[in-house]
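Below you'll find the structure, written out as structure tokens, and then a few comments.
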Amino acid sequence: MMDLELPPPGLQSQQDMDLIDILWRQDIDLGVSREVFDFSQRQKDYELEKQKKLEKERQEQLQKEQEKAFFAQFQLDEETGEFLPIQPAQHIQTDTSGSASYSQVAHIPKQDALYFEDCMQLLAETFPFVDDHESLALDIPSHAESSVFTAPHQAQSLNSSLEAAMTDLSSIEQDMEQVWQELFSIPELQCLNTENKQLADTTAVPSPEATLTEMDSNYHFYSSISSLEKEVGNCGPHFLHGFEDSFSSILSTDDASQLTSLDSNPTLNTDFGDEFYSAFIAEPSDGGSMPSSAAISQSLSELLDGTIEGCDLSLCKAFNPKHAEGTMEFNDSDSGISLNTSPSRASPEHSVESSIYGDPPPGFSDSEMEELDSAPGSVKQNGPKAQPAHSPGDTVQPLSPAQGHSAPMRESQCENTTKKEVPVSPGHQKAPFTKDKHSSRLEAHLTRDELRAKALHIPFPVEKIINLPVDDFNEMMSKEQFNEAQLALIRDIRRRGKNKVAAQNCRKRKLENIVELEQDLGHLKDEREKLLREKGENDRNLHLLKRRLSTLYLEVFSMLRDEDGKPYSPSEYSLQQTRDGNVFLVPKSKKPDTKKN
């Protein structure tokens, strides 16, 4: 036997390589690739495809977020369907210095500052509407009235309770002052701090309305006046003096000194009383005794008998338009803070205004009333109503001796002011403010394109830019010289205007098509109803004809006789008519008979 030399197992011959290559090509031709048999290769391909898919999803998510952030800076124009950039809010600059300072404050960034609603919520949580100040103010007069009938040994306990109440009031005032300081530290309310200082510097004129509606609890004789008027009535002053003597005899010297020192204590909100009740409070004597009942009754009679005139009201800051010009905001809200808000209808200014000028008709709005106030004819119409004529029997008494000396001077000033102009309502300001408001109202009616064209000083109106034909528009543009911003704005206005006109025409055509389709549908409904009526009428006619035919059939059949003269039975025979009009009697179970009628 011949020994064949085999190649080493690690080496492959050229024939083997060719055979493997042929078999590989055959597998490829049959659609079988290497991945079918190689599991690791299939795993790699699967991982690669998975990574590509995740990367694609990540890119899509990023693109969606970018589109969302991009469209958040634009707003959709409902007329043209375009996305327009959102214009930032512009602060309107007015002529008054107060508004300039307020606009400067408004430009301060507010990331760390509190908002106005948060401040009001903090104020409401800290101090509720029914606070302890009112309850203490109600409790103190009751103790003061009951102290007349207490024994001397109880005066010390009463004095201690009053001192505790005063300490509570002082602590509440300190807390209120701290809260107001925190509110004034907010950038939004910086303008209110300066205005509050200006109001604190000016001396307030005593207002009869404030005196009649509000009493300070620290002044002892206010509550005693009302109680004495109710109980004593029209008794003489000697009874009151006797009452005071008996009261002073009850108390010991120590208690009386403590009580008089308590009444004449200068720390019990004397600024508040001196500011608002200086015309009605008698100056305390050097001895520190209580005011006499004669002075009290005299001041009360002067208060009740005195009449309120328009010139007296004009001296008050709330009714004088000159004082109202100094402040930009209306100090009218219940919380003491107001930012460019109109006065409420429940405020005292409106009540006095309605009593002096008369209530406006119910059909008028606020804007119409402002236009009437600014019109020159309104002064002549409202002039006679501003100063009501007094009857000859009326007696005008001055509120105080100092005011009594200056009464003729104030009357002449009041007449001069009524001849010149009627004071405007407390909430509204004079003619310059209304003019600015009127111009801002006119600017509010302008469109966005008109405002931009006005800002860039474009000499053509927006309607002309949009509606002119192409040749006329090019000729108009060639006559003027424009910069890049003006040209871009004019082209943008014309493009969007044409798009708007095209959209309007498209909507018009759609509406016309809808109306035409509605008309066609209405015609079809009418025709359908007409056909239904005709069908019903035809059915009724057919039913009538069938009934008449059956009646005629029975009549003819009853007239037929056989050879014996007997009538034919309807169950055995029937009548049939041919096309030529002949009628035959045909038996039902047999062939047609030859008898002819």
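Just so you know, glycine gets a Cβ as well, placed from its N, Cα and C.
Positions annotated as phosphoserine by Swiss-Prot, on the basis of similarity to another entry: Ser40 (among others). In the three-state DSSP scheme, Ser40 (phosphoserine) falls into the helix class. Taking Cβ-Cβ distances under 8 Å and a sequence gap of 6 or more within the same chain, Ser40 (phosphoserine) has no neighbours at all.
Look at Swiss-Prot and you will find 79-82 tagged as motif 'ETGE motif'. Within its own chain, the motif 'ETGE motif' (79-82) has Cβ neighbours under 8 Å at 496, 499-500, 503-504, counting only residues six or more beyond its boundaries.
Annotation comment: Swiss-Prot describes Ser207 (among others) as phosphoserine.
Residues or ranges marked as region 'Disordered' in Swiss-Prot: 327-440 (among others).
The annotation glycation site is assigned in Swiss-Prot to Lys454 (among others) on the grounds of similarity to another entry. According to DSSP, Lys454 (glycation site) sits within a helical segment.
Taken from Swiss-Prot, the feature glycation site applies to Lys464 (among others), supported by similarity to another entry. When secondary structure is read from DSSP and collapsed to three states, Lys464 (glycation site) falls in the helix class. Long-range Cβ neighbours of Lys464 (glycation site) (same chain, at least 6 residues apart, Cβ-Cβ under 8 Å): Met476.
The glycation site annotation in Swiss-Prot covers Lys479 (among others). Of all Cβ atoms in the protein chains displayed, 7 besides its own lie within 10 Å of the Cβ of Lys479 (glycation site).
As annotated by Swiss-Prot, domain 'bZIP' applies to 489-552, with the evidence given as sequence analysis.
Summed and averaged per residue, pLDDT over the region 'Basic motif' (491-510) gives 90. If you look up Swiss-Prot, you'll see 491-510 marked as region 'Basic motif', on the strength of sequence analysis.
For Arg491 (glycation site), no same-chain residue that is 6 or more apart in sequence has a Cβ closer than 8 Å to its Cβ. If you look up Swiss-Prot, you'll see Arg491 (among others) marked as glycation site, on the strength of similarity to another entry.
Residues or ranges marked as region 'Leucine-zipper' by Swiss-Prot on the basis of sequence analysis: 514-521.
The Cβ of Arg561 (glycation site) has Pro567, Tyr568 as same-chain neighbours under 8 Å, each 6 or more residues away in sequence. Among the features that Swiss-Prot reports, glycation site is placed at Arg561 (among others).
Taken from Swiss-Prot, the feature region 'Disordered' applies to 563-597 (among others).
Just so you know, the Cβ of Lys566 (glycation site) picks up 9 other Cβ atoms within 10 Å once every protein chain is counted. If you look up Swiss-Prot, you'll see Lys566 (among others) marked as glycation site, on the strength of similarity to another entry.
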Mapped DSSP class for Arg561 (glycation site), helix or strand or coil: strand
Inter-residue C-alpha distance, Lys479 (glycation site) and Lys454 (glycation site) (nearest angstrom): 19
In three-state DSSP terms, the structure that Lys479 (glycation site) belongs to: coil
Secondary structure content of the region 'Basic motif' (491-510), with strand meaning DSSP E or B: 20 helix, 0 strand, 0 coil
Tertiary neighbours of Lys454 (glycation site) (same chain, Cβ under 8 Å, six or more apart): Leu446
Composition by DSSP (helix, strand, coil) of residues within the region 'Leucine-zipper' (514-521): 8 helix, 0 strand, 0 coil
